[in-house]
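Here's the structure we're looking at; comments come further down.
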Amino acid sequence: MQNTMKSLAQLTSLLARIALWIAGIGLILMTVFIAAQVFWRYILNSSLIWSEPASVMIMGWFIFLGAAVGIREGYHLSFDIVLYLLPERGKKVLHSISDAVVAAFGLGMIYYGGELAKKTMHNAIPSLGISGAWDFIPIIAGGVLVVIFCVERILRRAAGLSTARFGETELED
Amino acid sequence: AEKMLRSSDTHPDGYPTVEAVKYMGKLLDERTKGRLGIEVFHSAQLGEEKDTIEQTQFGVIDLNRVSLGPFNNIVPETQIPSLPYIFRSVEHMHHVMDGPIGDEILAAFSDHDLIGLAFYDGGSRSFYNSQHPIKSMDDLKGMKFRVMQSDMFVDMVSALGANATPMPYGEVYSSIQTGVIDGAENNWPSYDSSGHYEVAKYYTLDQHLIVPEVLVMSKKTWDGLSEEDQKIVRQAAKDSVPYMRDLWEKQEKASEAKIEAAGVKVITDIDKQPFIDAMKPVYDKYVTSDKLKDMVKRIQETK
Amino acid sequence: MELWILFGSFVFLLLIGTPVAFCLGVSSFATILYLGLPPVVVFQRLNSGVSVFALMAIPFFIFAGDLMVRGDIARRLVALAGSLVGHLRGGLGQVNILASVLFGGVSGSAAADASAVGGLMVPQMKARGYDVDYAVNITVVGSIIALMIPPSHNMIIYSISAGGKISIADLFTAGIIPGFILAVSLMVAAWFVARRRGYPTEAFPGWGAMGGLFLNAVPGLILIAIIFGGVRSGIFTASESSNIAVVYALLVTALVYRTMGWEDFKEATFAAVRTTAMVLMVIGCAASFGWLLAFLRVPVMMVSLLQGVSDNPLVILLLLNVVLLILGTFMDMSPLIVITTPIFLPVATAFGVDPVHFGVILILNLGIGLCTPPVGAVLFVGCAVGRIPIWQAMRTIWPFYGAAVMALMLVTYIPALSLWLPSLFH
Ligand code: NA
Ligand code: NA
């Protein structure tokens, strides 16, 4: 069980790495776009009208991907002070309940994000001209990762492996 | 009432559109003998227009008072009354929107899970700036104006030879004050309530846009009503229009008086024809189908 | 019943250690399901809650902070500041508060300011022997100053929500003295805590050494001048200045100091992604939660509760403070201003409170709400840049809450503090 989990973890670790890279590239792109807007506005004295909506969309990518990776790496803020009073076993049960409801929320991100994308698919986004569905692709992609990483946490715990938590453990793969 | 319909509005309490929908709720309550009523969520409590439109389509909200701008990419017919200088005056706009063309546009919403009920007034938008009086297109050259994030607004301002700078509404005041932009454009009441007249003292009454606003109902809610109630709802919405226009006129007059008393210079002696002529590329870009071209022609022919 | 489900599931999840963002999201999801409404609205609010241009200053300031820290700009700046005030107890705490006063003119967003000041100061204070919780506490509560000192977008939102009858220029001016009162009371608190904890003082290094430190810090000082001067003189907006901070920090560390290699750059980028994704996810989920509160008419209910209680203006103002603090805990600032202004302002003016004065009270109140758990965007930014759990910050933040609440009481009960300065311009 532990060994299967460990090879599975290599896969999810790769997935998290890719998501983090996409998010990082997104942050750089945002920086470039807004810097270009500043350059156009102040040096060339005209306006770049796509830079703002494009950056806002990229921000969606890096927030939802980054937030999903945060579940795996445990860097979300939480109040776990009450849990310190509980025995190890009880703690594990509660953590797994928590991961399960977060996974349910991730399913919601996928399903309802998809519904929103379908609804707006045929509307163009102002100033960008691309399909309105792009506004919701990040939340869907983030949802997929949220579900995967939550399930991984539950399985790891069942297999007796560690899961990362904010200010507590770093994850060893 | 037994069933309170939830209605969204981005304007604050007391604003003519908010009051008109409340009035419509009162009419509904009377005419359905307490079966239906309306609860208005004003001040964008449930979200900005783009979001509340989706919420209405999904049936979370029953009614929604929105401007036509966010619909331009969804319902093509709404682009026509949103065209610059399409209406010669507010009366002209009333004649068009109260007639068959208005009904045609309202009907177009039903392909998008919405029922168009009525058009309200959105006032007429004009340019204001902090630099100098604008009397001709030459005065506009190279100036930076804030516009909404909308392709048509950007194209219109560019066609006039000025620089369009899309920017959130809340940032406009400081940006004019500090010179990031030279001005913006809006109607009297918004020019007043945003305080922009404190920092941009020249208001050029060019009335480039006289765009009505629309009251829509969720198709889900509509389908849940009896045929009789549907009729009552439609009629109550129509009956709230004169009520709204009356309030609007009063508010516009009050804002105008207040702003003029504050020492704003209002420029009225402009020759609008060159501005109108400059709009040709904008019309060419947005009025593409024969159906829309025909609508423009019919509007121009309307007295 | 809906409210029981909303708050009940929220508190339950919070207690079992669910990340705060998902506590907000899941409890909203559960409540919508219970109400039988289309759940799509929860995810739409989440998506639009993070798709706001003004929020972009947060990732940029955090990114700039990470670059400055890894590229040595931050250490050199703080070394200079330390040589100036290091002989005072808790000197860097005072520098931190002063930085909030300066940046108060920059972003107008408390969360963005916390990311700007915190990204720079917290790691440096840590390196110089201050406890992280102390550095985080000061950064968090200090950033409320930013809301008070102009320009402040929230004052504009307030004016618009009040129907535009209040001069924005007056509001801007009215916030200045309360902003400085808050700064001074926080400085006093910072000094007391520093003395009690026995933070070391550093010897004055001598003028010669200081010259060297100054030269070393020049590129960092130029950065501050660009950000501060740029926005003040009206050249840049807040989002733009935060972006310039990133570009400039990159240029200086890569080309001038030559302290930034590829690995450092990569790690700074990933660190910024982690911190901001976490903070903005909370802000997005709070948008769903806030939508439900508005939908279920919670702010209106709280007000009608309050209206029946007393007719003494002093009591009413105190109750207003309490209600705003509670609401500010669960909802974000701008929707709260929009929702509560039309309801509270008439109540306040009926009791003779000046609308400009009330605006200052409202914003200071909601600002404190941003720093208090369970939901506070600023608190989260602070904990995120300090990499400490919330409870660790909570344990020791009380003297600073105390200082902020004292400033709030002064501003509430002495109208002249807000109204005297604007009156000079009439
Ligand atoms: Na400010
Ligand atoms: Na709070």
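For all residues, glycine too, the Cβ spot is worked out from N, Cα and C.
Automatic, uncurated: that is what TrEMBL annotation is.
The domain 'TRAP C4-dicarboxylate transport system permease DctM subunit' annotation in TrEMBL covers C:7-417. Marked as transmembrane segment by TrEMBL: C:47-65, C:134-151, C:171-194, C:206-231, C:243-260, C:272-294, C:314-331, C:336-353, C:359-385, C:397-421.
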Residues from the same chain, set at least six apart from the ends of the transmembrane segment (C:243-260), whose C-beta lies under 8 A from its own: 56, 60-61, 63-64, 67-68, 70-73, 116, 219-220, 222-223, 226-227, 230, 236, 268
Range from C:47-65, C:134-151, C:171-194, C:272-294, C:314-331 with the greatest count of C-beta pairs under 8 A to the transmembrane segment (C:397-421): C:171-194
Contact between the transmembrane segment (C:272-294) and the transmembrane segment (C:314-331) (at least 3 Cβ pairs under 8 Å, separation 6+): yes
Predicted model, mean pLDDT over the domain 'TRAP C4-dicarboxylate transport system permease DctM subunit' (C:7-417): 82
